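Asks: One structure is given below, represented as structure tokens, and several questions about it will come after.
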């Protein structure tokens, strides 16, 4: 079987080779010569591969023979020991077959032998491609030209390449054997476009009378070339080439001189504030930022401004555009005072982070406060909002932050800034003292007839107090605003009806005499009364206090209410009048609770009616005085309500009339003094003192009325009457029209504060 198989294979192989050589179809042998004698094997066509039937898989598969394995291995370049027999058989078949034509052998190249190895460049002269040639040859140069001058000339047309090893420009000026310049040179550009630009612009140009000629450089071998002298390439050559490519970027050239670092543009300001300052009023942070921006903008353009509100050192940073601007800011602000603190200014070191993160406890407290605010009722929330607004608008040390102008006076500025609240309190006290002095000077003349018309002025004043109390939450009453500052809580004096009447009668006398200024009693509104003025005068003058005590004893014995004023002047008051005034006061208080703001305009008529009822119960001597007072009061009330619409000329005419009434009133005062002398002989000395005081006060009031009061009355009265119209109170109008020169200063400043609120 083995012999048959070998003979069959040899014949099959021979047929295949003959088919390849001659292109003919090999003859297929008989089916008997097939290697397998199985019944299921079928004869195949001569040009096809023989197949055999697989009984297990029930399919035809190519018949695997030695020839099939040999052809398979020959196609895939695989050789094994098992294929040696097939190769031997092939050689035997070649001897039998027709000789094939000889094939030309391809000589093996060194590339095929050295696959994967880098080809070494042959040592010899180099040739530069035209597309990559960026060298320019310039001839006709002046013999005295220098390398720097040549570089400056050639750099006008492009970027000159630098040597990657020496970092010098690739330019060369040729010299002869003796070292003298020949007048030609070479320049190597970075880009090909620079060569074309130099050929167009520099060719045929003249320098110092020498005509230049420019052309593309051509390199030729002259003599013998020694390859051993060629420079070796540096390992970092590629890195330096990449650095040269950066010269083509659109980057501005660096300025000459030392380059300053970026963090030198930032200024750090310390001790600007304290973190606790922002807990009560967080809006202070915006105020400090705005003040700092305004101050630092004087030194240059500000790029960024930050306040590190949680930093314990009170740090703020200001970033300028240029370092020079930051230097100017540091030089100016270092050591200056801001908000009562001496600040320090320095440049940022570039590493310190001044941002302080919020701790978990602080975050919980902040969220707890916010939750309490959200859960609070809307009414209390609105009150808090109004309180915060009012507190933010009130002048205080937190609102007085500013930079000191003179650093040399830093100590004085520090004391002033730290005692800002004390300055405000002293200002208020000075206002109070001025108003008090003004009230004492006016009291000598105005309070002589304090008893007369006391009940007449009671209603308007109390009505004005009610109007002020109603509007206290909305607009704020200026009289109440002055109470805590001046420290005059006088609730006991309000309960005394006769004393209140005496005070209001004195106000009526001020209007009659034409003294349209505010006294200390009017500054304090409804709370300043005759009893307090009695206490103040007792501290100034002991003799007046004794006279007041005697008069008070006399009132208790006789059963009549006699008012004792600041000058010690006493008035004749009947017991019947005083007995009737007390029930009238009770009736007035009940009427005040029922009246609204709309009834303030009718206060003058109601007061006149009450005066008429009082005159019925008075004696004949008092009736004359009351009648004169009624006429004068009518003129005063008409003037008070007409001043808002009258011009300045009408006010001056009214003032002249009041001056005449003041002269008449002085005569009445003399009559009252005489009556008082007849009724009581023990008080002659006090009467003489009262007359002296009256004469001195008359002179003072005459001078003030002729020179100062009428000139100053126009501006303040108009403002005060406007305020009275807005509030709708009669008492306030009367007080505004009867203030003194000293107290008008205090009230004018307080009115300004109220307007701001």
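The backbone N, Cα and C atoms fix where each Cβ goes, and this holds for glycine too.
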Asks: Check each of the ranges 1-54, 163-216 against Swiss-Prot and return the one annotated as region 'Disordered'.
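Replies: So the range that Swiss-Prot calls region 'Disordered' is 1-54.
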Asks: Which candidate in 86, 410, 506 appears in Swiss-Prot with the annotation phosphoserine?
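Replies: Per Swiss-Prot, the residue annotated as phosphoserine is 410.
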Asks: Write down the residue from 84, 392, 724 that Swiss-Prot flags as phosphoserine.
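Replies: Record lookup in Swiss-Prot returns phosphoserine for 724.
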Asks: Say a student had to find the phosphoserine annotation in Swiss-Prot: which of 441, 469, 538, 740 would be the correct pick?
Replies: 441
Asks: Can you tell me which of these residues Swiss-Prot lists as phosphoserine: 123, 317, 705?
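Replies: That would be 705, per the phosphoserine annotation in Swiss-Prot.
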Asks: From 398, 613, 697, 750, name the one Swiss-Prot lists as phosphoserine.
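Replies: Among 398, 613, 697, 750, the one Swiss-Prot marks as phosphoserine is 613.
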Asks: Tell me, how many other CB atoms lie within 10 A of the CB of residue 298 (N6-acetyllysine), whichever protein chain they belong to?
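Replies: There are 10 such Cβ atoms around residue 298 (N6-acetyllysine).
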Asks: Give, as a single whole number between 0 and 100, the mean pLDDT over the region 'Mediates interaction with the P-TEFb complex' (382-757).
Replies: 46
Asks: What are the DSSP helix/strand/coil residue counts across the domain 'RRM 1' (134-219)?
Replies: 18 helix, 30 strand, 38 coil
Asks: Take the region 'U2AF homology motif (UHM)' (260-354) and count its residues per DSSP category (helix H/G/I, strand E/B, coil), listing them in that order.
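Replies: Helix/strand/coil tally for the region 'U2AF homology motif (UHM)' (260-354): 32 helix, 26 strand, 37 coil.
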